[in-house]
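Some notes on the structure that comes next.
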């Protein structure tokens with residue numbers, strides 16, 4: 001639990017009212033609707049969701065009060081004045097949508113959930129799948145000591161963080177899975193449930209048995225028995241109990257029977273307090289426990305493989321989705337020469353059952369050159385992605401040269417690949433929209449500096465897992481990002497950042513590659529902004545007496561957050577110059593009448609019952625300028641070159657990028673991966689998909705169609721909703737089938 005502050009900073013109603021008059025939020029075409037259904041929290045006393053100023057106030061106050069100086073016995077007036085001014089600046093910045101913290105912070109910061117759960121403000125995590133000790137953590141199985149290693153630990157970490165709404169990258173590279181012990185014994189798993197439970201019939205249908213009858217016929221003397229409390233931790237510990245029973249080191253009595261009692265788990269549709277939403281009942285957990293136990297039983301007498309470990313991780317992810325977190329973001333990182341791992345999604349039955357739950361990537365270093373089989377798999381399946389651990393461990397920005405071991409503990413990334421992470425470490429994100437910030441009168445150095453300080457404060461949260469606390473205290477890693485990059489480059493430099501290519505011989509491979517030429521003014525500006533972030537972090541670290549951050553900058557994929565401000569997503573190019581963006585709503589959503597009354601096209605979804613599809617016409621920024629290029633027009637080579645530019649001059653962490661390619665470009669994937677092996681820390685590729693099916697999420701249109709669609713919109717939906725409902729809303733209504741990034745890998749909030 002977070003330590004209560006001795007003094008606190010708050011924003012006055014007078015300040016907020018004055019800011020509302022002074023600044024107009026830069027809502028994108030879908031911005032307000034996306035906000036209302038994603039980040040506006042329910043206010044039970046008023047029977048409505050938050051309005052934007054209330055959300056920003058909550059978020060800013062939740063962050064500014066993490067400053068450790070506020071926990072001192074005596075807090076000076078100077079500190080309170082300094083932090084109040086900073087809170088006001090942050091409010092102006094975020095309220096205007098010139099910048100935002102991560103979607104996770106928009107949803108959680110300033111809530112009771114933040115104070116109860118130390119991990120709450122971090123989007124994503126990384127864990128190495130090898131036997132580890134639980135340490136001084138909020139979860140510790142009763143049969144273990146803190147320093148006793150257990151096979152279950154990385155899976156418990158993964159399960160816990162996914163249920164708290166985070167995403168998890170996990171490594172099943174050979175050096176990790178080879179540390180797994182041989183599976184010693186089969187386990188006879190029994191799941192019992194009270195016949196009075198509302199979940200009884202559904203659970204029995206999945207293999208659970210009547211608790212009263214089982215207890216009458218059996219003794220607990222020779223079994224490992226665990227009665228699950230109705231908590232997140234109970235689900236985690238049930239799985240740990242079953243997993244660890246397979247190994248003599250964590251089951252020295254060699255008991256082969258495990259009995260798990262799920263009678264106390266709340267039934268389906270009961271409210272989940274804290275994170276929000278409603279419960280699934282125990283049924284997804286029952287299915288998962290039997291499935292994971294079967295994998296372990298099948299492995300008796302041998303070590304677990306990367307595929308086994310990924311399957312178990314995917315089954316956990318599947319359970320969390322069914323458990324009503326809505327999405328669980330996973331990235332499995334395997335060996336570049338592990339054919340079984342690389343091809344595991346080709347088994348369609350397993351893919352549809354659980355292997356869909358992770359994006360899969362392979363770990364390489366710059367000496368790796370055999371990209372042909374990987375490129376072939378990418379061309380046909382869009383996977384695996386590439387993560388260059390050697391670059392991540394020894395480089396910040398590429399322009400700063402090799403810095404041996406600067407980040408030597410890195411073992412993987414978060415699911416979207418923009419932050420290289422050590423074992424147990426989270427990403428910690430904030431992004432600035434440079435075009436919007438400049439329009440609203442901000443000096444970009446100041447905006448990025450506020451982002452550095454915001455993320456630095458998050459590192460002073462109290463973290464639930466010892467492995468995370470150690471990594472954060474050592475690294476204080478932050479990830480200040482920018483989004484709308486293509487918009488800002490076109491607006492500022494009047495051309496795209498890649499101005500051409502020139503042939504260059506690669507002595508290592510004997511090949512000739514086309515080396516990109518960059519706009520020098522852009523090089524200089526990105527470099528200056530990077531230095532501003534580093535200076536802001538250094539100055540704040542000096543003030544707080546803590547470690548400067550090991551790395552500072554990144555490019556996150558964005559998506560939902562970029563929609564708020566209506567900017568291009570991360571470094572990605574706009575999907576099209578003009579398009580129809582379709583958003584799906586639950587058919588009971590109170591926003592739908594307001595959308596229809598405002599002139600938006602609303603129709604039943606052709607794929608899902610109880611769902612309505614709404615069309616929003618969207619025009620890309622600078623769509624009519626000669627230098628504009630959409631994702632369907634820009635070459636794969638230019639996308640690689642743009643990612644390399646950002647890795648060289650801006651990001652000392654990594655750059656999240658999903659490179660899209662046309663069918664005729666597939667043959668070039670291998671050579672481009674080879675060309676940029678010394679430059680790009682992580683990347684993924686997907687075929688560019690047009691809108692060749694009904695109600696596609698994005699459908700390119702021409703300018704005339706866009707203008708006609710806009711003519712049909714006769715009112716502002718926020719004003720119409722207020723007029724029709726008095727802003728009274730309905731609890732737990734979300735958009736259907738959202739994704740927060742190009743690859744669909746991120747949690748939304």
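Each residue, glycine too, has its Cβ placed from N, Cα and C.
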Inset, instruction - With Swiss-Prot as the source, identify the stretch among 152-163, 332-343, 344-355, 356-367 annotated region 'Effector region-1'. - result: 152-163
Legend entry - Swiss-Prot annotation of region 'Adenosylcobalamin-binding-2' - which of the ranges 651-692, 693-734 it falls on: 693-734
Inset, instruction - Let me know the DSSP-derived helix, strand or coil state of residue 427 (disulfide bond), please. - result: coil
Inset, instruction - May I ask for the distance between residue 416 (active site) and residue 124 (disulfide bond), taken between their Cα atoms and rounded to an integer number of Å? - result: 9
Inset, instruction - Between the Cα atoms of residue 418 (active site) and residue 427 (disulfide bond), find the distance and write it as a whole number of Å. - result: 9
Legend entry - Tally of residues which DSSP labels helix, strand or coil - the region 'Adenosylcobalamin-binding-2' (693-734): 19 helix, 3 strand, 20 coil
Legend entry - For the recorded positions 124, 416, the one whose C-beta sees the most other C-beta atoms within 10 angstroms: 416
Inset, instruction - Could you give me the DSSP helix, strand and coil counts for the region 'Adenosylcobalamin-binding-1' (573-634)? - result: 7 helix, 21 strand, 34 coil
Legend entry - Mean of pLDDT values spanning the region 'Effector region-2' (173-321): 95
Inset, instruction - Only counting partners 6 or more residues apart, tell me which same-chain residues put their Cβ under 8 Å from the Cβ of residue 427 (disulfide bond). - result: 122, 123, 124, 125, 414, 418, 419, 421, 477, 479, 554
